[in-house]
């Protein structure tokens, strides 16, 4: 395949056109008064969104050189979204400003490599300034504020996420699903839940709701099948003497062992529920170990030389309550040692850091949540499918932003933190083209606040100058159109989002500034049309088959 090669100014100018086309489409969504973008879909209804990364992902340009520029800026927003979950529009605006200002200087004769050094030094100074302004999240109200801002000032979503985080803790799992109704609701499963139900419906304690609820039970955790009654009879007798119910978690309970449990449960001799162990293979062993640590019991494993018939009550786990339905088992308030549970949580966190597989990370995260607090599900409801998709995307954004805020704290929002970082950049002692590189970042840092106010129908430059003169956290609230303390007004951004947006924008911006040659595939004008030659009659010569 022949290639098109462009050099110097021509190459950079085409890349810049692509950058501007994408950035101009994305930046209209910024701020509380940002506008929607409607995206046509080949199948189904069009998507209406105010999410920068969703807009960016849809953009493909016809000109291959322009498209290269657009794809590089798309990388800024997707990387920021992956790392921090929000701030994609801000990152795109910063990248556009860095690239536009930078290319003006390169055209005027500045050395691109020196500009890059200056940009890197300025970004380091700005990031330090952002981190200094960060305030740790103290309460539920702060979480609600962060989530509301990220969900485009939707307080309902903000409060739901704050409730969910409050209930399951920062290590808990919060998932987002589509609701069957138009209401958006929150369901919280406290304790450890896994997707295995009772082996026999005869084990239920409430025939109406078909649920088995056992209060203060013993929990037997065994990693093999139980089929022989003689293995089990000894422990059943001890549990019956103690006057407590029993939960059996094992690979399988079958044959005479199952029959004996069912008969004794129906006769009310003992209240016992058997469930299959969750997971498969090595993951099953890990999950059984988690349950054992949570309940203060032991996994009865023949690999460790333990036999089921020799099990004592001290080897069994305990919990305040266990509920089992047809599909799920929930262990509430396991009576394990806090120190051991914390040790296990630390171990899983380390595995999450070390793993390279996304699937493994997800499964480890689930295990962590089950040990640490629980699982919350936000059911997103809306009147139409189009609204549902848009709302669900906002909830997912808000959730990611909230996690980022818990991690690195919050900073004043509305573009104020980036604007105030100009002070740190301005105080750098640099010379020549490095100083010019720092000035490029200095100029870019005021672009987000300029765009937020511009989308609100005001003159951005005027607001920028006023904001520079203000002290502390006082900034312009584009939603209420007043000057106020941004933190007190609840206009906050996660520090991680602001930091990631700037670092990713500067990274891609520097790449484009230091580009000297572009190589693209040359369109093949003489390529044969695969449908030509078939003629208007389709598959000729088939008439005889009628």
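Placement of Cβ uses the backbone N, Cα and C atoms for every residue, glycine included.
These come from Swiss-Prot:
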BINDING   29-32, 50, 86-90, 414, 477-479, 493  ATP binding site
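In this structure, residue 493 (ATP binding site) is part of a beta strand by DSSP. All protein chains included, residue 414 (ATP binding site) registers 27 other Cβ atoms within 10 Å of its own Cβ. The candidate set comprises the binding-site residues 29, 89. Of these, 89 has the most other Cβ atoms within 10 Å. In this structure, 31 is the one among the binding-site residues 31, 87 with the smallest number of other Cβ atoms inside 10 Å of its Cβ. For the binding-site residues 50, 478, 493, the largest tally of other C-beta atoms within 10 A is found at 493.
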